[in-house]
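Engineer: So TrEMBL lists the following for this protein:
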TRANSMEM  21-40  transmembrane segment
TRANSMEM  60-80  transmembrane segment
TRANSMEM  183-205  transmembrane segment
TRANSMEM  225-246  transmembrane segment
TRANSMEM  258-278  transmembrane segment
TRANSMEM  298-319  transmembrane segment
Amino acid sequence: MRGSTAGLADTLASGSRAHAALLEIADCLFASIVVAPAVVSYWKSTWSLMDLYVLPEQPVSSAAACALFGLFCDLFLCVFQSKLGKYLRPDQGRLTYYVLSRVYTYVAGVACVGAWRGVWNLLNECTGDSARTLLSTTAAATLSLAALRALRNISAAPFAVAVDGPLDYFDVPTMFRTSSREMALYVLDCIFSVTVVGSLVVFVWRGSWALLDIFLYPDDQVRSFWTSLVGGYVIVLVTFALQVPMRWVVARLHGAPRLLLVDFYHLGSFVATVNVWRGVWGLLDVYYFPDRPKLSNWSTHIISLTLLVLLNCSNTILVRGVYIDAEEPAGDCVVFPCHYLRLFFHKERTKKRHRRALAAAAIATARKTEEASFPLQMPEQKV
């Protein structure tokens, strides 16, 4: 009997492990094949629309205007995040919350793209695009982020999927995690997080992207974009495949070796990310209505944003907050936040358990009521 019970337990455990592994693989595929192209399409179309409409004949003024608008909006949303979370809640009207929260996402998304485009193009105007300059600025920005323990912030889809949950919809983590009760320090923390850390991330992305333009088939753009796309997805596959052994190794390290290994792993994921983004971005320019830029970019903008909103992961387009390298315990610091299907099934299981608990409570209450209403027997009836 004991043997059969143990065998049944092992079977159930192996089944649950297999189910969890399948969900993890499905989440990785969903993030890579669905979410990442949609996010890149949104960024590409929004960026290109700014090229078309924001002072197109004055590149420096256009970049400065986008940078000021984007950084100011990002700073505003960071400073007042607690107020937004306090007054915009589902319990105060689900429809109102849904509409206003998605408006927030749209404004914040445009602001993020504007800030990146502004800083990116100002760097192009001020520093040029020579390989030596790009290498030096990219290396300096990468080392600065590593010194701040903020290197993981260069990551993006497909290694990050933000589900639009009401619990932390408006949360923007700051570098020093100061409280909004200490307003002066909190505002300074927000300014540092948005301007300094955010700009360093743009430096790394801009330099890496431009270096690929220089060294990866510079005379054949189509071949270059396809190579980025295929190579990027190959590295994505390898990075996800290494996640389990990386968790095992990192959980057994401490101090500087642990932090260095985590940083190298995040750098590998970034190489995959920037290649995927460059490939999707460039191929959209090549194949999707290349002679009609307004139609191409407006349709891409609307379709990608609508898809992400319907999938309930529109916040993935936002670049916000500062996350600290290796701050999670054990090996969790190398787990990419790509929990979409797993969260869905977890919620469904929680709902089923809740319904079963309510049903059991209702049955127990009914039995107690029935027993209480049953007429008491007289002593002679008992005999």
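One-based numbering along the chain as shown.
Just so you know, glycine gets a Cβ as well, placed from its N, Cα and C.
Those TrEMBL annotations? Automatic predictions, nothing curated.
Looking at the shown structure, can you explain where the listed features end up?
Structural biologist: Within the chain, the transmembrane segment (183-205) has long-range Cβ neighbours (under 8 A, six or more residues past its boundaries) at 71, 74-75, 78-79, 115-116, 119-120, 123, 137-138, 140-142, 144-145, 148, 150, 153-154, 172-177, 270, 274, 319, 321-322.
Remote same-chain residues near the transmembrane segment (258-278) are listed as 32, 36, 40, 43, 142, 146, 149, 151-152, 154-159, 204-205, 208-209, 212, 225, 228-229, 231-233, 235-236, 238-239, 242, 246, 249-250, 325-326, 333-334, 336 (criterion: CB distance under 8 Å, separation of at least six residues from the stretch ends).
Beyond the ends of the transmembrane segment (298-319), by six or more residues, the same chain brings 34-35, 38-39, 41-46, 49, 102, 105-106, 108-109, 112, 116, 156-157, 160-164, 169, 198, 201, 284, 288-289, 340 to within a C-beta distance below 8 angstroms of the stretch.
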Engineer: By Cβ distance under 8 Å, which residues at least 6 away from the ends of the transmembrane segment (60-80) in the same chain are close to it?
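Structural biologist: Contacts of the transmembrane segment (60-80) (Cβ under 8 Å, skipping residues fewer than 6 from its ends): 50-51, 54, 104, 107-108, 110-122, 125, 170, 172, 174, 186-187, 190-191, 193-195, 198, 320.
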Engineer: If we skip the immediate neighbours and take only residues 6+ beyond the ends of the transmembrane segment (21-40), which ones have a Cβ under 8 Å from one of its Cβ atoms?
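Structural biologist: Same-chain residues near the transmembrane segment (21-40) but 6 or more away: 156-161, 233, 236, 240, 276-277, 280-281, 304, 307-308, 311, 313, 316-317, 338-342, 345.
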